[in-house]
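**Q** As listed in TrEMBL for this protein:
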TRANSMEM  16-34  transmembrane segment
TRANSMEM  40-63  transmembrane segment
TRANSMEM  70-90  transmembrane segment
TRANSMEM  96-111  transmembrane segment
TRANSMEM  116-133  transmembrane segment
TRANSMEM  145-163  transmembrane segment
DOMAIN    204-334  domain 'GGDEF'
Amino acid sequence: MDIAALNSTKILRKHVLKWMCLFFGLLSFIFAVFNLSKNHFYIVAGLEVCFSALCFYIFIQLVKNKQRNWYAITVCMTVTLVILCGTFLAPLKNGLFLWAFSLPILYYLLLGRKYGIVLSATLLVMQSSVLLYKLPSPYFSSFNLALNLLFIYIIIWVISHVFEGNRAEFSKRLKNLALLDPLTGAGNRLSMSHYFEVEIKDKSQLYLFLIDLDHFKQINDEYGHDVGDKVLVELATLFRITFAKGYVFRVGGEEFSLMGNFDSAQSALAMAENLRQAVATKYIEANGITINLTASVGVVKYQQQNLAELIAQADKQLYKAKDAGRNAVFSDINLCADAA
Ligand SMILES: Nc1nc2c(ncn2[C@@H]2O[C@H](COP(=O)(O)OP(=O)(O)OP(=O)(O)O)[C@@H](O)[C@H]2O)c(=O)[nH]1
């Protein structure tokens, strides 16, 4: 299972940042040499050298797979600063101010919609102020030119906003399709692996509950599949409410797996008992029929096992509960050892 594909936004942003850094690093260096040797704009050249060095540093770190949260925001802020200072210091005929048009795309690609909107608006205000300050320049004496530049910026901003908004929305929908069971809305097996391996950072107090509904086949046989489906949906909701502080997954036809952290083995076992009782006392209305059923529960504690081993262990307990007559909680947790 390709769990990494679930972090597509993070991977995409990392790639964009890496190649942007290489591109900006090279370009800024070439501009710096040019500004130093030909134009004699020493301050602008100095800024460009610093920016180029930062870009190369981040590029190398990303090639080595060392990613930090501050890279993207720092690149965006510094490139903005270089362009604003360059616009202010260099003559407008050099056209450095035109680079501002590329920035909304960069903001949205690297930082997403929230940062994109704030930074694009801030840049518009600041760059307009700098250009207005330089208004006597013949390049901005034409109102039409100023208006055209403004609209070009706004169009690039709007397109970046709509594009990133749709990309983020589709990425979220694809993630839901990949991770959620379409019938009950609970997580699926892939989702369970994802949470176990990626999302749950501290597993020192992690417990796994495997819940299997008792004699569920009879409900299908007596009342039909539709009723069976309704029961599964209602029980998935019941588990999510009863086990609000953990994760709920549907791992088989009528089998659910729940994962969560607990302060002690006692509280984990109390939760398992709550879940069993919640099912046993639930009356589900479906197609005019009232259904009441029971569930068997197996509970295990995480102790450095991999997920397959953890599930196999919980499965053993679950089948002990089934063998003991169902509607029961079984666990291999040693309460004395756990308390010690
Ligand atoms: N309605 C419905 N039934 C399903 C779904 N997936 C699996 N099932 C049914 O779940 C039933 C599972 O039956 P068994 O594995 O025999 O288990 P059981 O009847 O619950 O018996 P025990 O587990 O031994 O208590 C089968 O009848 C499957 O058809 C589903 O998505 N919807």
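Glycine is no exception: its Cβ is also placed from the backbone N, Cα and C atoms.
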**Q** In the domain 'GGDEF' (204-334), how many residues does DSSP assign to helix, to strand and to coil?
**A** 59 helix, 37 strand, 35 coil
**Q** Between the transmembrane segment (145-163) and the transmembrane segment (16-34), are there three or more C-beta pairs closer than 8 Å, counting only pairs 6 or more apart along the chain?
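**A** These two segments do not touch.
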